[in-house]
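Undergrad: Can you read through this structure? Questions will come right after.
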C-alpha cells in the first residue's frame, strides 16, 4: 500500500500546479458511528487516487501491499505497520497516527517538512472494506487530497471498487489519477523479488530463511563495498523526497530510520532493517541486551542471551531494538560463536 512512508513521499513532493490550481479541499464526513476497535487488524491496500500530479509518474510501479493497525503506545495513538514491495525489496515501515476529538479522523505531522496529514475513515463495514481520505496542507505546495481503498482480502467485489471510484471523483480526484494496484503477492520484510537480480549489485544479498547465516558469503562490489559505508553518518541528500530508509548507527549498534531525499547521499542507506543489520552488524552485538522495543508487531526473531550463553527466541515489537536481533537461529549461532546443535548432548553431565 501507500503506507506512511510512501504516502508521505507522494504528498510532500507534490506541488500545486499553477496552470490548474487545486481547489479548496472539501469538508469530509467520517463513517457514521465509527468504531475504532473494529478498524484494527490487517488490511490490503487495493487502490489509490490523488489530486497530486506526481502520482502519474509512479503509478506503474505501485503494487498491492498490507497495513496492520493496532492500539498505540498511548491511548491517544494508533500504531501502523505497512509492508510492501519497493524497488524489488520487501520493506516494512512503522508509524503512528494521532487520534483527534473526531472519531475516525487521525493526524500525522512532520515538523521538519512543515507538513500535516489529516486522514479520515469515510466508508467501511469493518469486515470487508474501508475507504480513507487524506488531506495534506503545506505552505510550500498547497493542498492535496488522496483516497485509498483497503480490503480485508486481496480482492473485493466490483460494487465496492465502483464505490471507491465515485468517492474519489466526488472530492476532485481525476479519473486518470485513480490506480488499482497490481497484486504481486504478500512479502516478508527483507526478501527480494525473484526478478530483481540487478539489486544484488553493490549490496549484500539477503539470504532465504532456510540458508540464512551471517551473510559472510561473496559480496558483489561496484566501486565501494557496502560495509565500508557502515560507519558514515546517514545522508538525506539534496533532493526533497521523503523515502523512509535505514542506516547503521555505530554508537547504538542498531539500524535506525531516516528520510532519504531520493538522490545522492552515501552508502549507509538500506531498504530494510534486515539488509542493514546483515551488512553492518558486528559480533559486538552479541553482548547487547535483548530489546523488544515499544512497538507491537510481535515478530518472532532470535537473539543471543549472554547469561545463558545461547541463542533464544523472542518477540520483537518492530521498532527501536538493537543489533542483537537475528532472523534465524543459524544466523545467531554463526555470529555469536555458539557450538553446533550436538554440543549440549556431548557435554551434558
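A Cβ is built for glycine as well, from the same backbone N, Cα and C atoms used for every other residue.
Found this in Swiss-Prot, in case it helps:
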BINDING   52, 110, 136, 148  3-hydroxy-L-kynurenine binding site
DISULFID  90-187  disulfide bond
DISULFID  230-280  disulfide bond
DISULFID  239-263  disulfide bond
DISULFID  255-276  disulfide bond
DISULFID  286-336  disulfide bond
DISULFID  295-319  disulfide bond
DISULFID  311-332  disulfide bond
DOMAIN    230-280  domain 'BPTI/Kunitz inhibitor 1'
DOMAIN    286-336  domain 'BPTI/Kunitz inhibitor 2'
CARBOHYD  35  N-linked glycosylation site
CARBOHYD  114  N-linked glycosylation site
SIGNAL    1-19  signal peptide
SITE      296, 297  site 'Inhibitory (P1) (trypsin)'
Undergrad: When secondary structure is assigned with DSSP, how many helix, strand and coil residues does the domain 'BPTI/Kunitz inhibitor 2' (286-336) contain?
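TA: Within the domain 'BPTI/Kunitz inhibitor 2' (286-336) the tally stands at 10 helix, 15 strand, 26 coil.
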Undergrad: Looking only at C-alpha atoms, tell me how far residue 295 (disulfide bond) is from residue 136 (3-hydroxy-L-kynurenine binding site), rounded to the nearest Å.
TA: 26
Undergrad: Quick one: what's DSSP say for residue 276 (disulfide bond), helix, strand or coil?
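TA: In three-state terms, residue 276 (disulfide bond) counts as helix.
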Undergrad: List only the single closest residue to residue 263 (disulfide bond), chosen from the recorded positions 148, 296, 332 by CA-CA distance.
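TA: For residue 263 (disulfide bond), the closest Cα among 148, 296, 332 is found at 148.
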Undergrad: Only counting partners 6 or more residues apart, tell me which same-chain residues put their Cβ under 8 Å from the Cβ of residue 239 (disulfide bond).
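TA: The list for residue 239 (disulfide bond) reads 261, 262, 263, 264, given in order along the sequence.
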Undergrad: Using the alpha carbons only, what distance in Å do you get between residue 297 (site 'Inhibitory (P1) (trypsin)') and residue 52 (3-hydroxy-L-kynurenine binding site) once rounded?
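TA: A Cα-Cα distance of 31 Å.
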Undergrad: If one measures from the C-alpha of residue 52 (3-hydroxy-L-kynurenine binding site) to the C-alpha of residue 336 (disulfide bond), what distance in angstrom results, rounded to a whole number?
TA: 49
Undergrad: Note down the number of other Cβ atoms within 10 Å of the Cβ of residue 280 (disulfide bond), including every protein chain shown.
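TA: A count of 25.
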Undergrad: Around the Cβ of residue 336 (disulfide bond), how many other Cβ atoms lie within 10 Å? Please give the count over every shown protein chain.
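TA: For residue 336 (disulfide bond), the count of other Cβ atoms within 10 Å is 22.
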Undergrad: Compare the Cα of residue 148 (3-hydroxy-L-kynurenine binding site) against each of the recorded positions 35, 280, 296 and report the nearest.
TA: 35
Undergrad: Give me the Cα-Cα distance between residue 276 (disulfide bond) and residue 230 (disulfide bond), rounded to a whole Å.
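TA: Checking the Cα atoms of residue 276 (disulfide bond) and residue 230 (disulfide bond) gives a distance of 9 Å.
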Undergrad: Within 10 Å of residue 296 (site 'Inhibitory (P1) (trypsin)'), Cα to Cα, which of the disulfide-bonded residues 319, 332, 336 are there?
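TA: Within 10 Å Cα-Cα: 319.
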Undergrad: What's the number of neighbouring CB atoms sitting within 10 A of the CB on residue 296 (site 'Inhibitory (P1) (trypsin)')?
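TA: There are 18 of them.
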Undergrad: For residue 332 (disulfide bond), list the number of other Cβ atoms lying within 10 Å of its Cβ atom.
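TA: If we count other Cβ atoms within 10 Å of residue 332 (disulfide bond), we arrive at 27.
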